[in-house]
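S.K.: The following feature annotations were taken from TrEMBL:
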TRANSMEM  25-44  transmembrane segment
TRANSMEM  64-84  transmembrane segment
DOMAIN    66-181  domain 'ABC3 transporter permease C-terminal'
TRANSMEM  105-138  transmembrane segment
TRANSMEM  158-183  transmembrane segment
TRANSMEM  204-225  transmembrane segment
TRANSMEM  231-254  transmembrane segment
TRANSMEM  286-309  transmembrane segment
TRANSMEM  543-567  transmembrane segment
TRANSMEM  604-623  transmembrane segment
TRANSMEM  629-653  transmembrane segment
Amino acid sequence: MPRNASIAALTWASFRRRIGQYSTYAFSAAIAIMVYYIFAIVFSSPEVTSQIDENLRLEGLFRGSAVIVAVFSAVFLWYGTIIFTGQRKREFALYRLHGMSRPVLFGIILGEQVAVGLLASAIGLGGGVLLSRFFLVIFQSLTGIPGVITIGHSLTGFFEVTAVFLPFFLIAGILSFITALLTPVRTLFHSQRSMQGRPRPPKFLSVLGVGLVTIGYVLSTRVTMDTILQLFLPVVGITIVGTFLVFQGIHVALASWYRRRGNTLGDPVLISAGGNLMFRRKNYGLVLATVAVMNAIAITGIGVLLVFYSDATSVREQMTRLSQVDIAFEISGDSDVPGPQEIPETAMQPNLSTQILEFSSPASQFPDSPESAAWIVSRSQIENLLSVQGGTLPPIPRGTLLFYTRPPSDQPASPGTLPPEVLGRVQRFIETLAWQDALPLDPSMVITKQLLPQWILGSTLAVMSDADYQVLTENGFFRTNKYVATIQAVPAGAAAVQTGEDPEGIKALRKVDRVMEQRFSQEWIDGEYFSLSLGMDEFYRYVGLYFFIILFMALVVFAGNAGLVFFRSITDAYTARHRFILMQKIGVSVSQIRAIVRAEIIPGFYLPLLVGGVHTAFALRVLESVLGLSVWGAFIGLSLGYVVLFGICALAASRVYQTIVLPQEKIPGA
C-alpha cells in the first residue's frame, strides 16, 4: 500500500508539473469534438432533416461533409495524441525506473486518457451548445429555413461524438502504454541539448522527395473519371511521403541559412533559430507534410465548391426571368407512354444563353417513369425551340395557375380540348379554394383551348397554341400530351416574385401556395404540385445550405491545420523552456528571445501553406484537364485568406510560446 500511495503521489506530482501539456492536449481535443458537435446540431434539426431527406443530392452532400468533418477532427486529435505522447517519454522512463508494474502503468495511463477525454468532451460539447446559436443564425440567414433560433443540442450528435471519439481516446491510451513500454530507462540521462548535433539527413533523401512528388504529379495527370478511385490513394500517399522528405530538406536548408547568416552578421538570434530548427526538423516534418497536403486538398475542394456555388447563384439569378407560369399541378393519368421517336437534328441545338431549371422532378425518384418529370424553362428557351419550326409563343398572363393531366390511353386527346370531367373537377377545386379558403382566385378564368405538351428532350412546362402543338408534334418532339387549364390568380404577388418587389404581394402568393398545396394533396393523392414561388424558396434553401457547408468546411480545415501547428509549437515550448532560460542567463535579451521565437514559429505555419499551394496549383491544372473546371479565382482568394488567418495564428502562437519559456518576464506585444 505505501508503494501504491507513493506511485499515486508520483503520478499526481507529474500531472501537476505537466498541467500545461495536459490542459493543451485536452483543449485541442475539445476543439475537434466541438466542431463535429456543432455540425451535428445544425444538421440534425427537423427542418434541415426534412430538406435533406427530400433531395438525394443534398443527402449525399451532407453525408460527405460529415465524413470530412469527422476525418479532419480525427486526424487533428490523432496527431495531438502522438505529439503529447512523445513529450512524455522521460516521464515514462521515470515510471520504469521506479519499477512500476505493467498493469499499474497501463491503469494509470488509461485513466489519464479517460480523464482527459471526459474533460475534453465536456468542454467540446459545452462549447458546441453555446456556439450553436451563432451557427444556427448563420445557417437560417443563408437558407431561409424557418425555425426557432435557440441554444441547440442534439442527442443524436452526442451519440455520434461518443461513437467517433471514444475509440480514439482508448487507442490513445493503448498507444501511450506501448510507448511507455518501449521507452528505455536511459532516456532519463540523455541531454536534449546534445541532440541538436544529430547528423543531417542525406541530400539524396531530399532529391528522392522531389522525385516522389513529381511522380505523384505525373500520376495525377493520368487521372480520369474512370480511374480516379484507383489512383487517388496512391497519388496522395506518394505525395505525402515525398512532401515529408522535401520538408526535411527545407528545414535543413533554412537552418543552414540561418546559421550562415548569423555567423556572418554575428547575430545570436539567427544562430539560435537555426540550431532550434535543425533540432526540430524530425519532429515537425511529418506534421507539416500532412498539413501541407491537407491544405492542398482543402483549398482545392473548397475552391470547387465555390465554383459550384457560383454556378448555382447564376442559376438563381436567372430564375427571376423564368416563364410567367407561377403555379402548376399535375394530375397523374395513364402511365403508359409511347417509346422514343426520331428527333430532328435542329432540335438538338440548345439555347446556351438561358438555363433550364428543374423545380420538381419525380423522374429522379422514379427513373422508370421519365414522362412524369416537370420542368420550367425560360420563355426565351421555349421561343428558341419554336422558332426552329416557325412557331410562336402566345402571351401568358402573369399570375397564372396551370393544371395539366395526361389523358387515359383509351381516350386520346384532340388538340385544344379538355375533357368535361377534368374541367369540372378543376373548376370545383378552384371554387372551393376561392370560397372556402377565401383565396384570391377567379373560377371563371378557366382557359380550355391550350395544351401542355411534353418535349422529348426533357419534360417542358409550357403553354402552346394549337398550331404550335401541331407543328412540333409532326416533327416528333413529343412522346405524349397533357391537358391544360389556366386560371388567373394573384397578379401582384406573381409580379413581385419576378421583380423582387412588393413583399406583401409575395406573402399573399405564398399563402395561396401553402393552402393550395394542402388542398391539392387532399383532392389528388397521386398528383404532383409545382409552384414558381415555392420552387424559388426551395432553390434558395438548397443554395444556402450548399454555401453554409462551404463555410463550415473552410472553418474545419483552418481550425484543424492551424490548430495542429499551434499545438505542436506550444508543446515544444515546454520542452525548450530550460534552453531559453539558459540563453537569458548568458545575456540574451528578451527582445532577442522574442525574435528567435518568431523565427522558429512563423516557418512552421507558412511552409506547409506554401507547399500546399504548389500542390493545389498542380491539382487545379488536373481539374481543368479532367473536369473542365477553372478554380483559379477561388484558389487565389482562399490562399490570401489563409495567409492572413495563418499569420494571426502564428503571432498568437508566438505570444503563448514566449509566455511559456519566459514566465517571469512581462513581454510586450508579440
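Just so you know, glycine gets a Cβ as well, placed from its N, Cα and C.
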S.K.: Do the transmembrane segment (231-254) and the transmembrane segment (629-653) share at least 3 Cβ pairs closer than 8 Å, excluding pairs fewer than 6 residues apart in sequence?
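M.R.: Between the transmembrane segment (629-653) and the transmembrane segment (231-254), which are separate recorded stretches, there is no contact, as judged by 3 or more close Cβ pairs.
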S.K.: Within the domain 'ABC3 transporter permease C-terminal' (66-181), how many residues are helix, strand or coil going by DSSP?
M.R.: 99 helix, 0 strand, 17 coil
S.K.: Thinking of Cβ pairs under 8 Å, which stretch from 64-84, 158-183, 204-225, 629-653 has the most of them with the transmembrane segment (105-138)?
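M.R.: Looking only at 64-84, 158-183, 204-225, 629-653, the most contacts with the transmembrane segment (105-138) come from 158-183.
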S.K.: Does the structure show the transmembrane segment (25-44) and the transmembrane segment (629-653) touching, where I'm treating 3 or more Cβ pairs under 8 angstroms (sequence separation 6 or more) as a contact?
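M.R.: By the criterion, they do not touch.
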S.K.: So what pLDDT does the domain 'ABC3 transporter permease C-terminal' (66-181) average out to?
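M.R.: Mean model confidence (pLDDT) across the domain 'ABC3 transporter permease C-terminal' (66-181) is 75.
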S.K.: If we skip the immediate neighbours and take only residues 6+ beyond the ends of the transmembrane segment (158-183), which ones have a Cβ under 8 Å from one of its Cβ atoms?
M.R.: 29, 32-33, 36-37, 40, 70, 73-74, 77-78, 81-82, 85-86, 88-89, 92-93, 95-96, 102, 105-106, 109-110, 112-114, 116-117, 121, 124-125
